[in-house]
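See structure below.
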Amino acid sequence: MASVQSSVINLTKTIIGAGLLAIPFAFKADGIVLGISLILIAGIASSYGLYIVGKVSAKVPGDTSYFALCAITYPKLTLLFDFSIAIQCFGVALSYLVLIGDLVPSLIGDVISRNQAILFSLVIIIPLVSFRKLDSLKIGSLIGLLAIGYLTVLVISHSIWDDWSKTQGHVKIVEIGSISDILSTFSIIIFAFTAAQNICSIINEINDKSRLNFVIGAANIIASVLFISVGIAGYLQFGDNVKGNVILEYKSKLLSSKVGKFALVLMVTLSYPLMFHPCRLSLNNMVHWIELEVQKEQSPINESTALLNDEEHNSNNQIVPFSTNRFVVITVLLTLATYGLALSITSFELVLSLVGATGSTLICFILPGLFGYKLFDDKDFNKSASLTLTIFGLVVMITSVFATLRYN
């Protein structure tokens with residue numbers, strides 16, 4: 001079982017990833033006041049989505065999973081829900097590999113190519129994706145958080161000590177950019193707060209479920225403080241000249257910049273398994289669901305077999321089996337797929353925007369809201385609040401996808 005402390009570490013590290021370094025870029029569209037407001041809105045909405053999943057997980061006597069929650073709420077849509085989670089996690093993991101390819105060559109003087117850098121990361125990543133339990137990654141998560149701490153200090157210290165006149169563009173305080181830019185970059189903020197893909201594992205592994213709300217609150221408060229700090233510091237220094245990844249703004253010859261890039265490479269390398277873990281579980285759930293459907297079609301149609309199949313689909317105690325052979329096959333195929341695409345995709349900002357607008361809104365807002373609306377009592381305030389969260393997610397997804405594809 002996982003301690004409360006390790007649960008906070010893993011959830012915080014799940015939230016804080018590469019999206020942290022794109023927050024100053026979001027401030028370019030939002031301005032500082034609106035940027036801070038949107039971070040707080042996204043953080044509160046994301047926290048509430050995690051709270052809903054934690055609350056309704058009590059309806060599942062066995063291990064909590066999106067598969068089990070779907071089975072007792074929207075069984076016909078189980079495959080779609082797990083597919084949404086798999087796509088979200090796959091996209092985030094892919095963005096990490098793209099970032100590794102962008103950073104490593106500049107870090108070591110182009111001694112190796114972009115693709116060689118991506119492939120070399122397999123040396124670290126293969127052992128980490130071999131773990132079955134999320135809690136097994138807590139040491140990597142702690143190291144990743146230390147790397148994030150250094151990056152935060154780097155951005156803030158440069159903002160304090162550097163001569164802004166050489167780098168600063170126009171700075172918006174209350175002023176905002178175009179609506180299309182705000183919508184497009186809001187999906188980056190949502191991406192930065194995404195943690196729903198690992199909340200079920202944290203619920204299952206934590207040794208004191210009464211502290212779950214503390215874990216969710218602590219992780220999101222830490223993330224919000226870091227996002228606001230880096231957003232303000234990075235944007236004040238570079239203004240509208242800031243790029244999608246603020247670390248790339250610093251002179252590569254500086255030792256602090258080199259250490260910062262190394263910390264970023266370390267952070268995203270250790271973050272990859274945190275996305276790989278829920279993606280693999282969702283893919284296994286999808287395979288299991290398909291197997292059940294095939295068995296149902298092949299079984300003789302009579303009343304008793306129909307009842308048995310319904311029980312198998314909808315049992316609250318259902319724990320999805322995950323054999324060693326299937327674990328190995330999915331792990332290998334998923335690794336090949338993410339690395340294969342990373343070798344050919346180079347647009348880091350576009351990946352963040354699209355994944356944030358689609359997968360992140362689905363698993364942070366829409367799915368938890370649907371679960372809450374179905375499982376909370378009619379007189380419970382959380383029922384109407386869950387519906388509001390789902391509507392919020394749908395609006396954000398539609399407008400952000402349109403803005404990202406139309407104006408990028």
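Backbone N, Cα and C atoms are what each Cβ position is placed from, and that goes for glycine too.
Copied over from TrEMBL, here are the features:
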DOMAIN    2-404  domain 'Amino acid transporter transmembrane'
TRANSMEM  7-27  transmembrane segment
TRANSMEM  33-54  transmembrane segment
TRANSMEM  66-99  transmembrane segment
TRANSMEM  111-130  transmembrane segment
TRANSMEM  142-161  transmembrane segment
TRANSMEM  173-193  transmembrane segment
TRANSMEM  214-238  transmembrane segment
TRANSMEM  258-276  transmembrane segment
TRANSMEM  327-345  transmembrane segment
TRANSMEM  351-373  transmembrane segment
TRANSMEM  385-405  transmembrane segment
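Away from its own ends, the transmembrane segment (173-193) comes close to residues 15-17, 19-20, 22-23, 25-26, 28-34, 38-39, 42-43, 46, 92, 220, 223, 227, 349, 352-357, 360-361, 364, 396, 399-404, 406-408 of its chain (Cβ-Cβ under 8 Å, at least six residues beyond either end). Residues 17-18, 53, 56-57, 59-60, 118, 121, 191, 194, 196-197, 200, 245, 264-265, 268-269, 271-272, 275-276, 278-279, 282-283, 285-286, 288-290, 313-316, 318, 320, 334, 337-339, 341-342, 345-348, 351-352, 354-355, 358-360, 362-363, 367, 370-371, 374-375 of the same chain lie 6+ residues outside the transmembrane segment (66-99) yet bring a C-beta within less than 8 angstroms of a C-beta in it. Of the Cβ pairs linking the transmembrane segment (258-276) with the transmembrane segment (33-54) and spaced 6 or more residues apart, fewer than 3 are under 8 Å, so the two regions do not touch.
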